[in-house]
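Trainee: Encoded as structure tokens, here's the structure I'll be asking about.
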């Protein structure tokens, strides 16, 4: 099966290279040199931050299992991380808006480095503390950096469409190329050099420290709403009112929660799905293959967003449907290929089919990230951006915690089926979002037309 991995990895790499090299002028957006310098600085920082995150990804479950913990105990550790993100996420998001996004980005680095250090201990309580710190760091990663970017982009007067360039490049490099290199580097540290499953966490700490140094030396501070000195309760209330009063924001939050909830559940499920009898599988190489699929998706997304005639609200409906179908594969293969309870020396044929399906899902993830960033920049108000974005993470963390708490109660196929259903619901909500956005666009010209008629019918008397 090693030949299959090399061939499939090479196949995906050729497609990604072909997509990037075949881009025409229609697939690119002309920008200024000042913007390119700003964009490149952000991409370097974001890539380092993601390297610190991706290096850990393939080895979290594996590390806990080497410490002798079972699926139930590992599930509780994962719950601690998502629960921490849920409880502290809105607080750190509001603090980012209030105290500054640059300061919040530095806090992310420090918090995640401390989380990595706890992995050297095999004591359950210490590992639990590490998961709590990791949950706080995840909330900052998913809100502070994007909020800083959007605010700084607007403050410098760059064109709004140029944001999509930064978003797509950030996902291509940070969630694609860097993730692939992180997976291969982690595989080198653990398997080739034999440094043990803790080594990727130490390497992650080094990348985070480098990124923090660049932030401190080159980033300026920006805030959510500098004109008003709001306390946290006022910020929470304002974010809640914004979500409740604008259906587009509420729908966007529901879509994000459903997709990311399914995605994070997938992160927990892919290892036992590909090695149901604890077969030895190349975790780092498989993870790198998944990220190559994500890179393929982000490359495709950059083409879509470069064309003003193609709307993100439209094509994301198809993306959610495809992702829903891809996570049905474990159920389909379980019927077509009866699962074996005997441990084999390598991955089974059914496992190879699942790898292809999971890479399809990762391609959808690669399209999702820059697209949801684009929609958030359009619909979420700047003054409470980080707070609202972390509000979105509350239902997704509840969903993931419930799934992981019941990880031993349901077969793995049931969990994949639940994720598939949620992704299909996300497609329906995306359709609703597009309908509302279209209806509001169509009413605005009518309102102005009516105003013009009133002005003509009742001319202003200047006597």
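Here the Cβ of each residue, glycine as well, is placed from N, Cα and C on the backbone.
Here the structure is a predicted model, which means the values were calculated and not measured.
Look at TrEMBL and you will find 1-18 tagged as signal peptide. Marked as transmembrane segment by TrEMBL: 42-64, 76-96, 170-189, 201-220, 249-273, 285-306, 318-336, 348-369, 390-406, 412-429.
Buried or exposed, and what's around them? Tell me for each listed feature.
Mentor: The list of residues near the signal peptide (1-18) in space but at least 6 beyond its ends in sequence, with Cβ under 8 angstroms from a Cβ of it, reads 282, 285-286, 288-289, 292-293, 295-296, 299, 346-347, 351-352, 355-356, 359.
Among residues of the same chain six or more beyond the transmembrane segment (76-96), those with a C-beta under 8 A of the stretch's C-beta atoms are 64, 69, 103-104, 107, 124, 127-128, 131-136, 138-140, 143-144, 147, 224, 232, 235-236, 239, 264, 268, 384, 386-391, 393-394, 397-398, 400-401, 404-405.
Long-range contacts of the transmembrane segment (201-220) within its own chain (CB-CB distance under 8 A, at least 6 residues past either end) are made by residues 41, 44-45, 48-49, 51-53, 55-56, 59, 63, 102, 105-106, 109-110, 112-113, 116-117, 119, 148, 152, 185-186, 189.
Residues 5, 8-9, 12-13, 15-16, 19-20, 23, 26-29, 54, 57-58, 164-165, 167-169, 171-172, 175-177, 179-184, 186-187, 270, 274, 312, 315, 355, 358-371, 374 of the same chain lie 6+ residues outside the transmembrane segment (285-306) yet bring a C-beta within less than 8 angstroms of a C-beta in it.
Outside the transmembrane segment (318-336) by six or more residues, the chain places 255, 259, 262, 266, 273, 350, 353-354, 357-358, 360-361, 364-365, 367-368, 371, 412-413, 416-417, 419-421, 423-424, 426-427, 430 with a CB less than 8 A from a CB of the stretch.
Packing against the transmembrane segment (348-369) from elsewhere in the chain are residues 1, 4-5, 8, 12, 167, 171, 175-176, 259, 263, 266, 270, 273-275, 279, 281, 286, 289-301, 304, 315-316, 319-320, 322-323, 326-327, 329-330, 333-334, 336-337, 339-340: each is 6 or more residues past its ends and has a CB under 8 Å from a CB in it.
Below 8 angstroms of C-beta separation, residues 251, 254-255, 258-259, 261-262, 265-266, 269, 272-273, 276, 317, 320-321, 323-325, 327-331, 334, 399, 403 of the same chain, each at least six residues beyond the ends of the transmembrane segment (412-429), sit close to that stretch.
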Trainee: With CB pairs under 8 Å as the measure, which of the listed stretches 42-64, 170-189, 390-406 comes out on top against the transmembrane segment (249-273)?
Mentor: 390-406
Trainee: Should the transmembrane segment (170-189) and the transmembrane segment (390-406) be scored as in contact, given a threshold of at least 3 Cβ pairs under 8 Å and pairs 6 or more apart?
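Mentor: Not in contact, no.
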